[in-house]
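Peer 1: First the structure, then my questions, so here it is.
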Amino acid sequence: MTDLDAVVYGANELVVGPGDPLETIEDGAIAVIDGNVAAVGPTMDILREYPTENAAESIDATGRAVLPGFVDPHTHAVFAGDRSGEFAAKLRGKTYQEIMAEGGGILSTVHSVREADTEHLVANLLDHLDVMLAHGTTTAEVKSGYGLDTETELRMLEAIDRANEVHPIDVVPTFMGAHAVPDNAESTDEYVNCVVDEQIPAVAEQGIAEFCDVFCEEDVFSVDQSRVVLEAGAAAGLTPKVHAEEFTRLGGAQLAADLGAASADHLLHASGNDAEMLAEAGVTPVCLPGTAFSLGEDYADVDAFRSANAPVALATDFNPNCFSQSMQFAVALGCIGMRMTPAEATVAATVNAASAIDRNDGTGSLEAGAPGDLVIADVPSHVHVPYNFAVNNAETVIKGGRRVYDRDDGIRDDDGHRPQAGSE
Ligand SMILES: N=CN[C@@H](CCC(=O)O)C(=O)O
Ligand SMILES: [Zn+2]
């Protein structure tokens with residue numbers, strides 16, 4: 001016997017996935033069986049084949065838009081401490097690099113994370129995942145990189161693993177020991193050796209990361225140093241990712257293309273040639289408009305990626321320097337800041353984002369066979385999500401066919417899912 005988990009029907013618009021550029025169904029419905037999409041189609045057809053009385057969950061989505069759950073392919077969501085003081089300093093004109101050079105920024109979070117116990121890291125991460133879920137994110141990548149020593153990097157990855165076990169969001173772990181050079185290192189080369197000789201083998205032995213990322217940037221890790229880290233990671237089974245061309249055009253995009261990385265991220269200073277190289281190598285360009293927005297920088301040039309036919313993804317880059325967990329906000333900035341069409345931004349935040357983290361099993365779409373991860377938004381169409389920006393349009397979130405968030409009930413606490421804060 002198969003289990004009919006959920007039937008959602010009567011949607012004003014159901015977004016199935018990319019088409020030209022979006023495939024949608026008017027008065028659409030979806031049936032989820034055993035965690036995966038069994039069928040999408042017009043409400044009449046779906047209800048005839050999948051009567052609501054057979055479904056564990058049936059939802060009338062009249063007047064609503066139903067979209068694939070958002071996929072956030074770039075976050076630094078596990079951290080401790082408070083950097084709101086830097087926010088105020090940046091508003092008075094200090095740059096991100098000046099703060100970093102004074103030992104603030106990433107290094108300030110490193111100090112807080114080294115002092116925090118693992119329980120605390122897990123609790124903080126779960127709180128942030130709750131906010132992401134409530135805004136419609138059903139899959140999220142999370143990086144380590146605020147430990148910068150073997151023990152703390154492993155503790156961060158352990159926190160990610162433990163959060164993944166108990167939270168409805170699928171959490172994808174990335175090792176990022178090469179996020180910054182710790183202040184006690186003798187030199188960058190010496191620290192690169194520590195990442196390659198100690199951290200990567202320890203991470204591989206535990207089997208708790210899927211990707212290896214590096215901050216390829218002037219005064220952080222050079223292209224050559226980044227290559228050494230990513231090649232060692234790849235040899236240990238970790239797929240490369242690159243923080244590339246964020247503040248300067250150093251060559252991280254070319255490196256990502258050379259290594260066949262899963263993604264190259266930031267790309268504020270990438271050129272048209274970089275876009276073509278990434279497209280040819282099948283590397284997903286990930287744009288993080290929240291970072292440009294919060295730093296007051298120019299946005300990435302989406303025209304370059306369009307001309308190169310590169311499948312741009314969007315992510316929040318949620319971290320203490322870019323404090324937004326909302327993919328809806330990333331989509332709004334993709335449109336309003338980068339001039340993406342709402343359809344392009346929707347594809348970028350779902351199926352292209354899934355491809356940036358190697359989830360090419362239909363994640364980010366609602367085609368038959370895809371995971372039953374979806375958002376019911378109380379707006380009439382996907383266009384209204386960025387159009388009605390800076391509010392939470394997600395009303396109900398379904399993960400693997402189960403209702404895991406509802407605006408009225410909060411996050412459900414049955415089957416081991418964590419209760420809402422204050423509900424005990
Ligand atoms: N650019 C490097 N890393 C992060 C910022 C991390 C931080 O400032 O704590 C990013 O992707 O934006
Ligand atoms: Zn980042």
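Just so you know, glycine gets a Cβ as well, placed from its N, Cα and C.
I grabbed these lines from TrEMBL:
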- His74, His76, His243, Asp317: Fe(3+) binding site (BINDING)
- His74, His76, His243, Asp317: Zn(2+) binding site (BINDING)
- Arg83, Tyr146, His179, Glu246: 4-imidazolone-5-propanoate binding site (BINDING)
- Tyr146, Asn319: N-formimidoyl-L-glutamate binding site (BINDING)
- 66-403: domain 'Amidohydrolase-related' (DOMAIN)
Peer 1: As a check: which entries in Tyr146, His179, Glu246, the binding-site residues, place their Cβ less than 6 Å from an atom of ligand 2?
Peer 2: none
Peer 1: Checking the contact step here: among the binding-site residues His76, His243, Asp317, which have a Cα within 10 Å of the Cα of Tyr146 (4-imidazolone-5-propanoate binding site)?
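Peer 2: Checking Cα-Cα distances against Tyr146 (4-imidazolone-5-propanoate binding site), the binding-site residues within 10 Å turn out to be His76.
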Peer 1: Measuring CA to CA, name the entry from the binding-site residues His74, His76, His243, Asp317, Asn319 that ends up nearest Arg83 (4-imidazolone-5-propanoate binding site).
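Peer 2: Comparing Cα positions, the closest of these binding-site residues turns out to be Asn319.
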Peer 1: Among the binding-site residues His179, His243, Glu246, which ones place their C-alpha within 10 angstroms of the C-alpha of Asn319 (N-formimidoyl-L-glutamate binding site)?
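Peer 2: Checking each Cα against Asn319 (N-formimidoyl-L-glutamate binding site), there are no hits.
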Peer 1: Taking all residues of the domain 'Amidohydrolase-related' (66-403) together, what is their mean pLDDT?
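Peer 2: Computed over the domain 'Amidohydrolase-related' (66-403), the mean pLDDT is 97 on the 0 to 100 scale.
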Peer 1: Hey, what's the Cβ neighbour count for His179 (4-imidazolone-5-propanoate binding site) at 10 Å?
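Peer 2: Within a 10 Å radius of the Cβ of His179 (4-imidazolone-5-propanoate binding site) lie 27 other Cβ atoms.
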Peer 1: Just to verify a number: CA distance, Asp317 (Fe(3+) binding site) to Glu246 (4-imidazolone-5-propanoate binding site), in angstrom, no decimals.
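Peer 2: It is 12 Å, counting Cα to Cα.
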Peer 1: Kindly point out which of the binding-site residues Arg83, Tyr146, His243, Asn319 have a C-beta less than 6 Å from some atom of ligand 1.
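Peer 2: Correct list: His243, Asn319.
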Peer 1: Near His76 (Fe(3+) binding site), how many other Cβ atoms are within 10 Å of its Cβ?
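Peer 2: The answer is 25.
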Peer 1: Give me the Cα-Cα distance between His243 (Fe(3+) binding site) and His179 (4-imidazolone-5-propanoate binding site), rounded to a whole Å.
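Peer 2: Just about 9 Å between their Cα atoms.
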Peer 1: Determine, from DSSP, whether Asn319 (N-formimidoyl-L-glutamate binding site) sits in helix, strand or coil.
Peer 2: strand
Peer 1: In whole Å, how far does the CA atom of His179 (4-imidazolone-5-propanoate binding site) lie from that of His74 (Fe(3+) binding site)?
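Peer 2: That comes out at 13 Å between the alpha carbons.
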Peer 1: Between the Cα atoms of His74 (Fe(3+) binding site) and Glu246 (4-imidazolone-5-propanoate binding site), what distance do you get, rounded to the nearest Å?
Peer 2: 14
